[in-house]
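Annotated features, as they stand in Swiss-Prot:
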DISULFID  Cys50-Cys66  disulfide bond
DISULFID  Cys57-Cys71  disulfide bond
DISULFID  Cys65-Cys81  disulfide bond
SIGNAL    1-23  signal peptide
Amino acid sequence: MRFHTLLFLSFLLLVSCALICTAQHPGLEKSGMFHENVGKGQHIEEKRSCIERMQTCEVEAGLPCCSGAPCICPYIGDCICIQ
């Protein structure tokens, strides 16, 4: 009986870790998205083309991203191009 309880608790721990990781990084499971290629030597703030998180970049608004292709800003990291 103790073995089954320990096995069940281990399973719950693995599932909760997976759920927490997915909740903290919601963009990881989305397919068809690629990171923007940014040249070397740019400052870290210049790499991020979007102003607010999850904002869509627009070339007309002066926010260049992905050579004019649509993109989004994740919570953490560089803009992501939607290919």
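Every residue, even glycine, has its Cβ placed from backbone N, Cα and C.
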**Fill in**
Under a three-state DSSP reduction, the secondary structure at Cys71 (disulfide bond) is strand
**Item:** Other C-beta atoms that fall within 10 angstroms of the C-beta of Cys71 (disulfide bond)
**Value:** 26
